[in-house]
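A.B. asks: Pulled the feature table from TrEMBL, pasting it below:
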- CYS174-CYS195: disulfide bond (DISULFID)
- CYS273-CYS294: disulfide bond (DISULFID)
- 4-124: domain 'Ig-like' (DOMAIN)
- 128-223: domain 'Link' (DOMAIN)
- 229-326: domain 'Link' (DOMAIN)
Amino acid sequence: ISPPNLVEKSSHAVGSLAGSVVLPCHFSKLMFSTSTPHTWTDDEQLRIKWTKLEAEGEKVVLVSQAGVVKIGSAFLNRVVVKKRPLSDGDASLTMLGLRASDAGLYRCEVMLGMEDAQDTVRLNVTGVVFHYRSNVSRYSMDFLEAVAACQQAGANIATPEQLTAAFEDGLDQCDAGWLLDQTVRYPITRPRPGCAGDLLSRPGVRTYGTRPLTEKYDVYCFVDKLHGEVFYPPSIGEKLTLQQAREECEKHDSVLASPGHLFAAWRAGLNRCDYGWLSDGSVRYPITVPKPQCGGGLLGVRTLYKYENLTGFPEPSERHGAFCFKALKTCQSTAASFHKIEM
Ligand SMILES: *[C@@H]1O[C@H](CO)[C@@H](O)[C@H](O)[C@H]1NC(C)=O
Ligand SMILES: *[C@@H]1O[C@H](CO)[C@@H](O)[C@H](O)[C@H]1NC(C)=O
Ligand SMILES: *[C@@H]1O[C@H](CO)[C@@H](O)[C@H](O)[C@H]1NC(C)=O
């Protein structure tokens with residue numbers, strides 16, 4: 001049997017949380033034509049199998065043959081292949097409602113009779129949903145203030161689909177927050193007294209439905225991938241006030257990171273066990289490597305509140321570290337610097 005002969009080799013796909021993506025798998029018709037003659041209209045014998053390759057083992061995503069499609073439980077209602085893949089030479093998988101946990105390595109196998117070809121595709125999923133509370137108090141923002149708060153935090157107000165995807169990835173937050181469609185909801189993966197909402201003891205996203213825009217809640221924000229770098233300045237010895245933190249970032253040709261920057265950096269793997277100032281005057285740190293002495297062994301971005309009831313930001317005179325953000329140089333500025341050099 002000739003070696004696997006797929007058109008695209010080790011491809012890469014990137015999708016955004018709650019969005020859709022195509023995992024490419026194009027097989028060459030020639031691959032099957034040499035040893036065994038086939039009629040190309042005959043999709044019946046063609047078998048397509050998509051598998052997710054995980055450290056714990058392989059997980060079947062989808063198997064399709066002769067119009068019969070079987071889908072793995074984690075992917076129900078979220079994956080589809082073409083009805084007539086053979087005529088197009090296309091066994092690509094379309095995946096909807098992306099979750100962060102969908103990221104990883106996938107294998108596409110195409111089988112026709114005794115012949116078999118396979119390829120792998122790596123999928124990345126960008127974007128993160130985070131709960132945002134104003135510096136004033138819990139439940140202090142009407143809808144327009146909530147929209148503005150997410151923008152000030154370097155993000156956008158989240159959609160219900162994004163919150164649902166975040167819930168599927170394990171987000172648990174017992175605080176009602178505005179969403180883009182003017183509903184108020186919160187995600188609970190570990191049901192407990194006080195967080196029952198309309199789902200009682202079942203896990204799920206609780207909803208208050210559409211609310212009058214003047215009612216006040218927290219908000220859920222969404223930030224996609226980071227266009228730059230977040231860092232904790234290595235030179236910080238003594239801790240800094242908010243103003244000093246701003247100046248420290250300027251020394252590094254950067255600015256204080258927004259909460260959106262920090263959450264996006266956390267999602268991309270930033271791990272730092274030191275509280276640092278952010279541009280909105282909040283103080284937080286990102287944990288991606290669980291350690292008992294760091295955030296109690298939990299993963300996520302920790303926020304330092306002023307009061308025990310988890311409200312209020314620290315006083316600007318308090319001393320902490322800093323998270324700085326340096327934007328990626330755009331093409332335009334590269335062109336500009338070329339121009340300078342030529343002169
Ligand atoms: C995908 O994620 C991996 C691991 O997080 C990273 O190294 C790689 O650069 C990412 N690729 C793309 C195209 O975003
Ligand atoms: C909250 O932040 C706003 C603007 O960012 C500021 O004007 C206001 O004084 C802050 N309120 C408190 C209680 O810190
Ligand atoms: C939280 O605690 C502070 C200080 O004790 C108090 O002023 C504030 O009203 C409390 N907020 C809520 C929402 O309970």
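Note: Cβ is positioned from N, Cα and C throughout, glycine not excepted.
All annotation found in TrEMBL is predicted automatically rather than curated by experts.
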A.B. asks: Near ligand 1, meaning Cβ under 6 Å from any of its atoms: which of the disulfide-bonded residues CYS174, CYS195, CYS273, CYS294 fit that description?
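C.D. replies: Those disulfide-bonded residues that pass the cut-off are none, since no Cβ is under 6 Å from ligand 1.
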A.B. asks: In whole Å, note down how far the CA of CYS195 (disulfide bond) lies from the CA of CYS294 (disulfide bond).
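C.D. replies: With distance taken Cα to Cα, CYS195 (disulfide bond) is 26 Å from CYS294 (disulfide bond).
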A.B. asks: Using a Cβ-Cβ cut-off under 8 angstroms and a sequence gap of six or more, which residues of the chain neighbour CYS174 (disulfide bond)?
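C.D. replies: In sequence order, the residues whose Cβ lies under 8 Å from that of CYS174 (disulfide bond) (at least 6 apart) are TYR186, ILE188, ARG192, GLY194, CYS195.
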A.B. asks: For CYS273 (disulfide bond), what is the tally of other C-beta atoms lying within 10 angstroms of its C-beta?
C.D. replies: 14
A.B. asks: Tally of helix, strand and coil residues over the domain 'Ig-like' (4-124) according to DSSP?
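C.D. replies: Its residues fall into 14 helix, 59 strand, 48 coil.
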